[in-house]
Amino acid sequence: MATNLLCLSNKLSSPTPTPSTRFPQSKNFITQKTSLANPKPWRVICATSSQFTQITEHNSRRSANYQPNLWNFEFLQSLENDLKVEKLEEKATKLEEEVRCMINRVDTQPLSLLELIDDVQRLGLTYKFEKDIIKALENIVLLDENKKNKSDLHATALSFRLLRQHGFEVSQDVFERFKDKEGGFSGELKGDVQGLLSLYEASYLGFEGENLLEEARTFSITHLKNNLKEGINTKVAEQVSHALELPYHQRLHRLEARWFLDKYEPKEPHHQLLLELAKLDFNMVQTLHQKELQDLSRWWTEMGLASKLDFVRDRLMEVYFWALGMAPDPQFGECRKAVTKMFGLVTIIDDVYDVYGTLDELQLFTDAVERWDVNAINTLPDYMKLCFLALYNTVNDTSYSILKEKGHNNLSYLTKSWRELCKAFLQEAKWSNNKIIPAFSKYLENASVSSSGVALLAPSYFSVCQQQEDISDHALRSLTDFHGLVRSSCVIFRLCNDLATSAAELERGETTNSIISYMHENDGTSEEQAREELRKLIDAEWKKMNRERVSDSTLLPKAFMEIAVNMARVSHCTYQYGDGLGRPDYATENRIKLLLIDPFPINQLMYV
């Protein structure tokens with residue numbers, strides 16, 4: 001099978017030549033130095049960039065035939081939410097205090113409190129009540145030591161999941177009591193849909209080697225599917241189907257909150273306050289996100305790369321959606337802006353390496369990034385000059401903003417992430433150009449870097465660390481040496497991408513992705529078998545991340561760990577039904593509308 005796939009790859013490796021574009025020669029570059037009047041790192045502008053026009057090049061170049069941008073500048077600038085924000089903020093503040101009192105009530109039964117915390121979390125309000133939730137969970141742990149009422153599968157599984165999600169060390173052995181004499185899970189649980197669903201969700205918080213949780217997952221999936229076949233309540237069936245498609249732990253939580261807002265039914269009358277707060281908060285945070293998106297669309301349009309280079313993806317909206325997925329909470333605006341800018345450039349430069357550039361040109365560009373010297377532009381072809389200057393200016397500006405706001409000297413870490421990224425891009429280009437299929441382990445080692453994850457996580461780390469003393473050597477080593485939580489998140493990013501994009505890459509003549517490498521190395525393996533092995537690898541990386549999040553030796557800031565985990569989640573989301581970045585489909589468009597365009601329907605007259 002691998003041989004046949006390689007033959008197919010060779011047939012497709014020389015696509016029909018398509019016209020492409022280049023730019024007329026321009027030598028008018030101006031360098032801005034750091035000074036009291038201009039206190040930024042070296043920044044270079046192109047004095048005549050507005051004079052560049054697209055012209056057809058006679059030399060043949062490949063094209064990925066990306067679909068046009070769905071969201072133009074005028075549309076993004078027209079986004080306007082008519083919320084009466086001041087009035088809504090007043091109401092939200094009052095509701096927030098009432099919900100806080102609900103969480104902190106000492107007479108609430110443990111299960112009711114756990115369900116309330118789960119609702120708060122699923123409705124996207126964790127960031128408002130983080131300290132209250134931790135305190136409540138600590139009290140539940142203490143209570144649990146004295147009251148061994150653990151016969152309820154739903155209560156046990158929900159407690160286990162929430163505790164692990166929030167960094168508590170809790171043993172998988174809490175599920176031993178639900179086993180029968182033969183060592184399997186008791187048959188009496190087969191009809192407990194609520195308990196099975198909670199057990200299923202809890203099983204995705206497992207660590208490597210926790211076989212009991214693997215058994216729990218298999219058992220719960222089997223009997224949840226059986227219950228669906230036999231027929232259960234329509235609303236419950238919808239929840240079960242939704243969970244079986246992708247567990248909550250791996251879902252994009254901001255998007256999940258929007259889904260849950262439509263489904264939530266308060267368990268008690270006073271929980272209506274929680275729903276009301278969640279609706280208001282969703283819309284107010286959406287307004288903030290829209291304003292950020294408009295600012296970034298002006299930056300993107302002014303930079304002009306997507307309009308000048310017709311072979312690249314013009315995907316600002318999708319890139320901002322990714323940044324929002326990594327850092328959704330309102331206080332992380334600077335992080336979202338930095339990630340959007342870095343990822344926007346990643347998509348452009350990735351297309352230069354994957355689609356357009358010759359090997360000689362790509363080597364020159366890689367050398368220029370390695371030097372990080374503006375004079376290196378003299379060695380580059382015109383289209384690469386714009387790419388390099390855009391990268392040089394944006395990274396320097398991002399570094400300057402972080403230095404100004406947080407006092408972190410971070411430029412060397414940001415530039416290192418780009419040096420490593422471009423070298424990984426170049427390696428893939430060499431493999432593809434020479435029709436080499438690397439060993440799977442060698443491919444994955446390089447591909448986890450070429451995922452671009454570190455280029456996104458590096459500015460994220462410095463953006464969320466509030467003070468210079470928050471910077472730890474351990475965290476910096478994770479970024480520079482590429483290990484632990486950072487590596488796992490990047491591997492998941494890459495494998496999710498490969499599962500979705502391998503067919504299109506094969507059509508372009510590329511032979512370097514994980515599916516092809518795995519099939520080539522394991523002769524006789526079918527494509528579906530290779531895909532299943534990649535899914536197992538993704539699951540293994542999730543278990544590593546789960547372990548590190550509760551490890552006493554972890555010195556990474558909690559906010560950064562959540563952002564790294566969120567990068568894995570947004571990878572699942574973006575590539576769940578296909579290539580949501582390269583070829584956005586209806587699902588991608590609908591998700592963007594839910595989070596960034598359409599507010600949740602509320603009656604504002606209630607708050608006037």
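Cβ coordinates are placed from backbone N, Cα and C, and glycine is handled just like the others.
What Swiss-Prot lists as transit peptide is 1-45.
In the three-state DSSP assignment, the secondary structure recorded for D350 (Mg(2+) 2 binding site) is helix. The Mg(2+) 2 binding site feature in Swiss-Prot is assigned to D350, D354.
Sequence annotations record features per position, and here Swiss-Prot assigns Mg(2+) 1 binding site to D350, D354 based on similarity to another entry.
Around E428 (dimethylallyl diphosphate binding site), the same-chain residues six or more apart in sequence whose CB sits under 8 Å from its CB are Y353, D354, N446, A447, S450, T512, listed in sequence order. Residues or ranges marked as dimethylallyl diphosphate binding site by Swiss-Prot on the basis of similarity to another entry: D350, E428, R494, N497.
Summarising the annotation, Swiss-Prot assigns motif 'DDXXD motif' to 350-354 and lists similarity to another entry as the type of evidence.
Annotation comment: Swiss-Prot describes N497, T501, E505 as Mg(2+) 3 binding site. Sequence-distant neighbours of T501 (Mg(2+) 3 binding site) (same chain, six or more apart, CB under 8 Å from its CB) are N513, Y575, D579, G582, listed in sequence order.
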Please report the distance from the Cα of R494 (dimethylallyl diphosphate binding site) to the Cα of D350 (Mg(2+) 2 binding site), rounded to the nearest angstrom.
13
With the fewest other Cβ atoms within 10 Å, the residue among the binding-site residues D350, D354, E505 is D350
Determine the most Cβ-crowded residue among the binding-site residues R494, N497, using a 10 Å radius around each Cβ and all protein chains in the structure.
R494
Outside the motif 'DDXXD motif' (350-354), at least 6 residues beyond either end, the same-chain residues with a Cβ under 8 Å of its Cβ set are 64, 66, 309, 311-313, 362, 365, 383-384, 387, 422, 425-426, 428-429, 432, 452, 505, 508, 510
Near-site residues: dimethylallyl diphosphate, ref D350, E428, R494, N497, CB cutoff 8 A to centroid:
A447, S450, S451, S452, D498
Look up E505 (Mg(2+) 3 binding site) in the DSSP assignment and report helix, strand or coil.
helix
Within 8 Å of the Cβ centre of N497, T501, E505, which other residues of the chain have their Cβ, at the recorded Mg(2+) 3 site?
D498, A500, S502, A504, N513, D579, G582
